[in-house]
Amino acid sequence: MELQEVLHMNGGEGDTSYAKNSSYNLFLIRVKPVLEQCIQELLRANLPNINKCFKVGDLGCASGPNTFSTVRDIVQSIDKVGQEKKNELERPTIQIFLNDLFQNDFNSVFKLLPSFYRNLEKENGRKIGSCLIGAMPGSFYSRLFPEESMHFLHSCYCLHWLSQVPSGLVTELGISVNKGCIYSSKASRPPIQKAYLDQFTKDFTTFLRIHSEELISRGRMLLTFICKEDEFDHPNSMDLLEMSINDLVVEGHLEEEKLDSFNVPIYAPSTEEVKRIVEEEGSFEILYLETFYAPYDAGFSIDDDYQGRSHSPVSCDEHARAAHVASVVRSIYEPILASHFGEAILPDLSHRIAKNAAKVLRSGKGFYDSVIISLAKKPEKADM
């Protein structure tokens, strides 16, 4: 099976779907002020045609209700600028392209469009037709839009996914050189970490180059993705997954060869690596860069119905929080896990993820490290 066929969130609306388990809204709270500033500066710059039709691409939109959280924030930010101007100019039409891989569950996304349009008219007074939303399926590591056609590109929690598993993780004899690991983790040897960094450098450079061509001069890009910060020792979702798969091997429920042959195309860069790649590629100016961390159980509600939870308030809360974390991790990685290990292993794996999540939460290290970076396309010399 081709890698891109399983590189998507768990679709549908079931208990293990991404739509039911994502805590995306909690992360957007941190991103929203930077998003608003990007939109405001774009509109005030009077770029070509922006006051007639504001063109936006959301790269890696995933599926479910969370897809429209960013769209709503973008629309509200645009309209906020119009209100501040206090003039009679009509608000620009907004054209938004939702992008993800072809296997993304776009059906569940567009089933929500009618209610989104109704809420938009109710909350923002925008008539249907003044905000146009469509799909642009395909890899965001390839061309998606015509040259100099877009004003703003946004991507949230996607760019840590690589275009492919790095080369060099298996010898010519088919022996894994990343034993016991599923990505470039702290336990990986330096050559493995370099292979993942090289692949990220190649992919992120391609991403910047291609999408700089799609943006108009001085167009903006806002990116948020997981990162690693040396001063914090926060195991991320991949670390939880790696620990839990190793537990299954130790307990005899999974063959070691299955673990050693499982390499996930994910890399969490440092902020220094991100800055270096942006500067070396050269198309963008870094306007803003911030790191933050959010708790594993962001979005958790004690009212959520997790089966089998204890009746003791304290242990019940701990069990439910850990179960919530396991559900989120499963909703992200289930397609690629099922493809490699088979679906039968998923319930046991989820149980072990919850156990490991509970340990990390008790240790006070249950946080995801993230980076927000705001970029502006450098103007051509003729535009300066």
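The backbone N, Cα and C atoms fix where each Cβ goes, glycine too.
Per Swiss-Prot, the features are:
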- TYR18, CYS61, ASN66, ASP100, LEU101, SER139, PHE140, CYS156, CYS158: S-adenosyl-L-homocysteine binding site (BINDING)
- PHE27, TYR157, HIS160, TRP161, SER237, TYR368: theobromine binding site (BINDING)
- ASN178, ASP260, PHE262, ASN263: Mg(2+) binding site (BINDING)
- HIS154: site 'Involved in substrate discrimination' (SITE)
- ILE266: site 'Involved in substrate discrimination' (SITE)
- VAL328: site 'Involved in substrate discrimination' (SITE)
- GLU343: site 'Involved in substrate discrimination' (SITE)
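Location within the structure of each feature annotated in Swiss-Prot.
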| residue | record | contacts (Cβ under 8 Å, 6+ apart) |
| --- | --- | --- |
| PHE140 | S-adenosyl-L-homocysteine binding site | LEU59, GLY60, ASN99, SER155, CYS158, PHE207, HIS211 |
| HIS160 | theobromine binding site | PHE225, ILE226, CYS227, ILE266, TYR267, ALA268, PRO269 |
| ASN178 | Mg(2+) binding site | LEU169, SER188, ARG189, ILE192, ASP260, ASN263 |
| SER237 | theobromine binding site | VAL328, VAL329, ILE332, TYR333, TYR368 |
| GLU343 | site 'Involved in substrate discrimination' | none |
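Least crowded of the recorded positions (LEU101, CYS158, ILE266, VAL328), judged by neighbouring Cβ atoms within 10 Å of its own Cβ: LEU101. Distance from the CA of TYR157 (theobromine binding site) to the CA of ASN66 (S-adenosyl-L-homocysteine binding site) is 12 Å. Within 8 Å of the centroid of the Cβ atoms of ASN178, ASP260, PHE262, ASN263, where the record puts Mg(2+), the same chain has further Cβ atoms from LEU169, SER176, LYS179, CYS181, ILE182, LEU259, SER261. A separation of roughly 16 Å, to the nearest angstrom, links the Cα atoms of HIS154 (site 'Involved in substrate discrimination') and LEU101 (S-adenosyl-L-homocysteine binding site).
Just so you know, the Cβ of TYR368 (theobromine binding site) picks up 20 other Cβ atoms within 10 Å once every protein chain is counted.
Nearest by CA distance to LEU101 (S-adenosyl-L-homocysteine binding site), out of the binding-site residues TYR157, TRP161, PHE262, is TRP161. Put simply, PHE262 (Mg(2+) binding site) is 22 Å from TYR157 (theobromine binding site) when counted between their Cα atoms. Taking the Cβ of TYR157 (theobromine binding site) as centre and 10 Å as the limit, one finds 20 other Cβ atoms among all the protein chains shown. A gap of 15 Å separates the Cα atoms of PHE262 (Mg(2+) binding site) and TRP161 (theobromine binding site). DSSP gives LEU101 (S-adenosyl-L-homocysteine binding site) a coil state; it is part of no helix or strand.
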